[in-house]
Amino acid sequence: NQTNISEFILLGFGDLPNLQIPLFLLFLMIYMVTMMGNILILVLVGANQHLHTPMYFFLSNLSCLELCYSSTILPKLLAAFLTGDRRISYSSCMTQFFVFAFLASVECCLLAVMSYDRYLAVCKPLHYTSLMNQQLCTALAAGAWGSGFMISFVITLLMSQMVYCDRSEIDHFFCDFNPVIKCSCSDTFLVEAVTSVMAAVCTVLPFLFIVASYILIISSILRISSATGRQKAFSTCSSHLIVVTIFYTTIILVYMLPRTYSLTAFNKLLSVFYTVVTPMMNPLIYTLRNKDIRGALWKNV
């Protein structure tokens with residue numbers, strides 16, 4: 001540990017002093033809905049035998065990921081709203097970034113795995129059961145979690161070797177890569193170069209894989225003769241497609257926009273969307289648009 005400072009200050013939304021309590025209540029409500037929605041999906045999938053399929057296995061992994069994702073960022077943010085104490089220790093900051101980067105990388109890979117599952121279901125329905133067996137499902141999920149861990153570990157290790165001097169204020173509501181790097185007085189070229197390569201591996205490649213999968217899926221759906229058949233085939237992919245669109249649109253905007261002072265507030269807003277709002281929306285999207293989940297919900301109720 002080469003740092004000369006023991007803590008950072010997360011500025012977050014401290015420039016809105018009159019909105020601290022309303023923001024606390026808003027984010028608390030989002031956190032509660034996120035937790036309840038994702039726990040509900042895990043319970044429904046676990047309790048209903050007919051949901052023990054590859055699609056819902058990956059959905060359970062996504063719900064588990066969202067639970068951890070929200071719990072990495074929101075409790076600290078809620079405490080800052082309530083107490084006004086925005087300090088975070090050096091070790092806690094690095095831990096928060098590691099977990100955040102780990103889960104974000106896993107989500108990118110997991111969404112790509114889910115698109116492959118939908119590709120097999122739509123384009124190769126007769127061979128789907130034999131191709132997407134339990135062993136392959138487990139291997140794909142383990143690969144997503146394992147690759148996310150390795151990517152996050154390498155980036156966090158490089159960040160921890162840097163020297164952080166007197167610039168301890170992080171203009172963000174959690175320890176993200178770019179705001180933390182700005183606090184360093186070391187040469188950041190190597191860590192930024194490695195992070196760019198890692199980010200391309202865990203975001204761009206899965207995104208291109210998802211795009212290719214949906215091109216094949218859509219072309220296969222268009223070849224179905226009946227309108228009912230096309231609608232049924234597309235309904236199996238619509239929820240996943242909505243989640244992918246929301247997640248990648250916001251994350252691309254956050255990390256592709258220029259890092260200028262005038263766009264700092266806009267970047268914070270976009271970050272709120274993909275780190276806080278998206279984990280809440282995912283279970284709602286899958287619950288409201290999926291008849292199997294709705295049926296299992298009403299049956300258990």
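For all residues, glycine too, the Cβ spot is worked out from N, Cα and C.
The transmembrane segment annotation in TrEMBL covers 21-44, 56-74, 94-116, 136-159, 197-222, 234-257, 269-288. Taken from TrEMBL, the feature domain 'G-protein coupled receptors family 1 profile' covers 37-286.
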Give the nonlocal contacts of the transmembrane segment (136-159) in its own chain as ranges (CB under 8 Å, at least six residues past its ends). 54, 57-58, 61, 94, 97-99, 101-106, 108-110, 113, 116, 177, 180-181, 190-191, 194-195, 198, 201-202
The answer for the transmembrane segment (21-44), taking Cβ pairs under 8 Å and residues 6+ beyond its ends, is 13, 51, 59-60, 63-64, 66-67, 70-71, 74-75, 77-78, 81-82, 276-277, 279-280, 282-284, 286-287, 293, 296-297, 300
Same chain only, please: residues at least 6 beyond the ends of the transmembrane segment (56-74) with a C-beta under 8 Å from a C-beta of the stretch. Say none if there are none. 27, 30-31, 34-35, 38-39, 41-42, 45-46, 96, 99-100, 103-104, 106-107, 110-111, 113-114, 117, 137, 140-141, 144-145, 173-174, 275-276, 279-280, 282-283, 286, 292
Mind checking which residues reach the transmembrane segment (197-222)? Cβ under 8 Å, same chain, six or more beyond either end. 105, 108-109, 111-112, 115-116, 118-119, 122-123, 147-148, 151, 154-155, 230, 233-234, 237, 241, 244, 248, 251, 255
Confidence over the domain 'G-protein coupled receptors family 1 profile' (37-286), expressed as mean pLDDT on the 0 to 100 scale, is 87
